[in-house]
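Feature annotation from TrEMBL assigns compositional bias 'Polar residues' to 10-20. Positions annotated as region 'Disordered' by TrEMBL: 1-20. Feature annotation from TrEMBL assigns transmembrane segment to 30-50, 70-89, 95-112, 119-138, 158-179, 191-211, 244-264, 284-301, 313-335, 356-377, 420-441.
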Amino acid sequence: MGGVVEYEESATQPPKTTKTSSLVRYNSPLSQIILIGLVCFCCPGMFNALSGMGGGGQVNATASNNALTALYTSFTIFGILGGGIYNILGPHLTLFAGCSSYVLYTGSFLYYNHKQHQAFAVVSGAVLGIGAGLLWSAQGAIMTSYPPMNRKGTYISIFWSIFNMGGVIGGLIPFILNYNRGDQAATVNDGTYIGFMAFMSLGTVLSLTILPASKVVRDDGTKCTNMLYSNVATECVEILKLFYNWRMLLIIPAAWSSNFFYTYQFNHVNKTQFSLRTRGLNNVFYWGAQMIGSIGIGYTMDFSFKSRKKRGIVGISVVAVLGSIIWGGALANQIKHKHGKVLDFKESGSDFAGPFVLYFSFGLLDAMFQSMVYWSIGALANDSEVLSRYTGFYKGIQSAGAAVAWQIDNHNVSPMTQLIVNWVLTTLSYPLLLVLMILVVKEDNNDEEK
């Protein structure tokens with residue numbers, strides 16, 4: 001590690017190893033993972049439910065697409081910088097600033113519901129991109145560095161389940177509030193946006209409960225890190241190094257594709273093929289499937305084999321096979337889909353089943369894919385300072401892919417083309433991650449990135 005870093009204890013002193021109970025301790029990794037899960041439940045969880053409606057809940061997706069392009073463009077920059085900012089500011093300021101931007105973004109669509117002016121939505125999207133970069137860099141550092149090395153998959157699945165419960169509840173909000181509007185309703189009502197904003201405001205307050213890594217103590221008495229704060233010069237140098245770190249280069253295709261497919265799933269499956277109230281119902285199951293997927297892959301990558309390297313290889317292989325099957329199903333559905341035909345869960349009978357199962361499977365794959373990548377990043381190091389930069393780099397590249405994807409859709413690229421590009425990108429990710437597992441991951445839990 002380069003640069004000057006302050007430490008709580010002398011580097012010559014051995015870490016304290018007094019065993020402690022983790023079930024009720026506020027400063028345990030489990031408690032902190034649950035808390036960051038609740039924060040993300042309220043903020044990005046509700047944002048996901050809003051995005052999952054397709055077009056931000058509007059009949060015309062142009063404003064939403066432009067806002068999301070602005071969002072992911074600024075997210076690209078601040079995702080990469082976010083790890084360094086987190087190392088300097090710590091979790092409280094980083095998370096509070098990030099969470100508050102979600103409230104502003106949702107408020108812009110409440111405004112759009114009445115004025116139909118997209119400028120506020122686009123500016124709010126850019127602001128949210130800054131905030132999301134901060135939030136997700138902090139979240140990534142917490143999720144990958146606080147847990148013990150042999151339980152990172154389990155803790156990731158706990159976080160992912162709590163986080164995606166936000167999408168489930170967020171899907172219920174538009175489903176319930178728009179249920180009686182029937183299949184002719186085009187845009188969601190004001191109450192939907194207000195409900196999202198209330199949850200996001202709660203998450204902003206909850207972000208102040210997260211402890212810095214230096215105050216989190218594992219069950220064996222060791223601290224996650226002794227680092228208190230880094231400095232600007234150190235972070236600038238270390239962030240620049242990421243762009244020629246071959247480990248990070250191997251992760252780029254997975255990072256790029258991991259939000260790229262949302263545009264197709266939300267705008268060309270959920271928005272195009274289903275009625276408004278059914279889209280809300282679909283989101284309940286989409287984000288619920290994410291909970292199932294994260295638990296399944298978390299178990300596989302923590303308990304399937306004694307060897308950590310083998311667990312990584314098996315986990316990536318399982319996601320690769322499942323992903324190929326699901327994208328094959330998407331291809332069959334796209335060929336069969338008739339433009340202009342809208343499915344409703346109450347009125348479409350058996351025609352509803354196939355596309356519904358596909359959308360559910362998309363949620364399953366999303367959670368497994370991203371949990372797999374987070375586990376792979378977490379296997380590269382243990383230290384919060386290093387992992388905050390790694391996860392920030394991942395979120396930055398991920399956001400660049402999303403920004404491109406939303407503009408591709410805005411330029412009326414055909415759904416079939418988008419589907420094929422998504423399938424190719426995710427497929428390219430798997431062999432590169434396998435190379436990372438084989439060359440980098442060590443069996444000794446004490447091995448860390450130097």
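Cβ atoms are placed via backbone N, Cα and C, with glycine included.
In summary, the transmembrane segment (158-179) lies against the transmembrane segment (284-301): three or more C-beta pairs, each 6 or more positions apart in sequence, are under 8 Å.
Beyond the ends of the transmembrane segment (191-211), by six or more residues, the same chain brings 26-27, 32, 35-36, 38-43, 45-47, 49-50, 57, 91-92, 95-96, 98-100, 102-103, 106-107, 109-110, 113, 138, 142, 166, 169-170, 173-174, 177-178 to within a C-beta distance below 8 angstroms of the stretch. The stretch from 70-89, 95-112, 313-335, 356-377, 420-441 with the most CB pairs below 8 A to the transmembrane segment (119-138) is 70-89. Here the listed stretches are 70-89, 95-112, 244-264, 284-301, 356-377, and the one with the most C-beta pairs under 8 angstroms to the transmembrane segment (30-50) is 95-112.
Within the chain, the transmembrane segment (70-89) has long-range Cβ neighbours (under 8 A, six or more residues past its boundaries) at 105, 122-123, 125-130, 132-134, 136-138, 140-141, 227, 229-232, 234-236, 238-239, 242, 259, 385, 388-403, 406.
Between the transmembrane segment (356-377) and the transmembrane segment (244-264), the number of CB pairs under 8 angstroms, six or more residues apart, is three or more, so the stretches are in contact.
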